[in-house]
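Working notes, structure below.
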Amino acid sequence: MVWGNWTIVNEFVLVSFSALPPELKILLFLLFLIIYFVTFMGNVLIILVTTADSALHSPMYFFLKNLSFLEISFNIVIVPKMLSTLVTKDTTISFLGCATQMYFFFFFGAAECCLLATMAYDRYVAICDPLRYPVLMDQKACIQLAAASWFSGFPVATVQTTWIFSFPFCGPNRVNHFFCDSPPVIALVCADTSLFELEALTATVLFILFPFLLILGSYVRILSTIFRMPSAEGKHKAFSTCSSHLVVVSLFYSTAILTYFRPRSNTSPENKKLLSLFYTVVTPMLNPIIYSLRNSEVKAALQRTLRKAIISQRL
């Protein structure tokens with residue numbers, strides 16, 4: 001459709017992994033389907049265990065439960081459409097569908113960055129100020145911090161998505177990615193996007209880099225406190241309570257920062273797709289595995305929950 005001098009685009013084509021041979025695309029489909037299933041089941045298991053087991057009714061596991069909800073939601077936004085582009089010839093996504101996918105990608109992505117920072121603050125208070133921990137991290141404070149983390153995704157998702165899809169699109173509608181991310185979509189705009197790109201950089205600093213710096217500052221204080229502890233047992237116990245979170249943060253932020261802070265000239269579209277796979281597909285699967293394998297309390301709670309389930313079935 002043409003309106004004035006502009007071509008009105010009512011759908012986009014996700015290039016995804018179209019350059020790969022059909023046999024490899026089928027293998028990728030099976031691999032990503034297994035990852036999607038493991039991600040969903042693993043995070044649901046974390047939610048069920050942290051809810052059912054009273055020993056895990058603490059701020060750390062309350063935030064972990066919220067993280068699992070976020071990971072499930074994040075995966076649902078990205079993976080089903082990506083799977084369909086691997087096995088079907090129709091890789092189109094409607095204009096509204098692309099906008100919706102981008103909105104919730106921004107929403108859950110910003111919320112996860114802020115929630116990871118909140119979890120780091122929780123560990124900071126627990127280790128560096130343990131006497132005031134019950135007061136500073138009471139139930140009301142935890143709910144407020146979790147709600148603030150979730151709400152943080154609203155302004156960035158609303159402003160970014162509304163702004164991008166108010167631009168004119170001139171006709172080329174091939175999005176060189178497996179989902180509707182901002183850079184490949186904005187590349188199709190036929191208008192001056194310099195002001196938007198400045199706003200997008202500001203939002204990226206606020207919602208990716210700033211939470212990362214807060215996490216970094218928290219862990220500098222945490223490690224400083226741990227090293228000053230007199231007993232080796234105390235050091236081990238303190239470090240074990242935050243090691244899982246530190247691994248998750250490292251996985252998530254390393255790929256996100258490489259994706260959004262590298263100069264465009266240094267990042268090919270294929271490399272960016274590969275990096276995006278880590279924080280959209282792989283990391284959500286690894287989170288419940290890391291927390292269950294590296295955390296003795298979660299492993300013990302899983303065993304208690306399984307025993308209860310087996311006993312109830314026998315009765």
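Cβ atoms here come from the backbone N, Cα and C positions, even for glycine.
Keep in mind that TrEMBL annotations are predicted by a computer and have not been checked by a curator.
Residues annotated as transmembrane segment in TrEMBL: 26-50 (among others). Sequence-distant contacts of the transmembrane segment (26-50) (same chain, at least 6 residues past either end, Cβ-Cβ under 8 Å): 17, 20, 56-57, 61-62, 64-65, 68-69, 71-72, 75, 79-80, 82-83, 86-87, 281-282, 284-285, 287-289, 291-292, 298, 301-302, 305.
Taken from TrEMBL, the feature domain 'G-protein coupled receptors family 1 profile' covers 42-291.
Sequence-distant contacts of the transmembrane segment (62-83), counting only residues of its own chain at least 6 positions beyond either end whose CB sits under 8 Å from a CB of the stretch, comprise 14, 16, 29, 32-33, 35-36, 39-40, 43-44, 46-47, 50-51, 93, 101, 104-105, 108-109, 111-112, 115-116, 118-119, 122, 142, 145-146, 149-150, 178-179, 248, 280-281, 284, 287-288, 291. The feature transmembrane segment is assigned by TrEMBL to 62-83 (among others).
Positions annotated as transmembrane segment by TrEMBL: 103-121 (among others). Here the transmembrane segment (103-121) has Cβ contacts under 8 Å with residues 60, 63-64, 66-67, 70-71, 73-74, 77-78, 145-146, 148-154, 156-158, 160-161, 179-182, 207-208, 211-212, 214-215, 218-219, 242, 245, 248-249, 252-253, 256 of the same chain, all six or more residues outside its ends.
Summarising the annotation, TrEMBL assigns transmembrane segment to 142-165 (among others).
Positions annotated as transmembrane segment by TrEMBL: 201-223 (among others).
Here TrEMBL flags 244-262 (among others) as transmembrane segment.
Remote same-chain partners of the transmembrane segment (274-293), defined as residues 6 or more beyond its termini with a Cβ less than 8 Å from a stretch Cβ, comprise 32, 35-36, 38-39, 42-43, 45-46, 64, 67-68, 71-72, 74-75, 78-79, 82, 177-179, 181, 244, 247-248, 251-252, 255-256, 258-259, 299, 302. Taken from TrEMBL, the feature transmembrane segment applies to 274-293 (among others).
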Average the pLDDT scores across the domain 'G-protein coupled receptors family 1 profile' (42-291) and report the rounded value. 88
Same-chain residues at least 6 beyond the ends of the transmembrane segment (201-223) with CB under 8 Å of its CB atoms are 109-110, 113-114, 116-117, 120-121, 123-124, 127-128, 152, 156, 159-160, 238, 242, 246, 249, 253, 256-257, 260-261
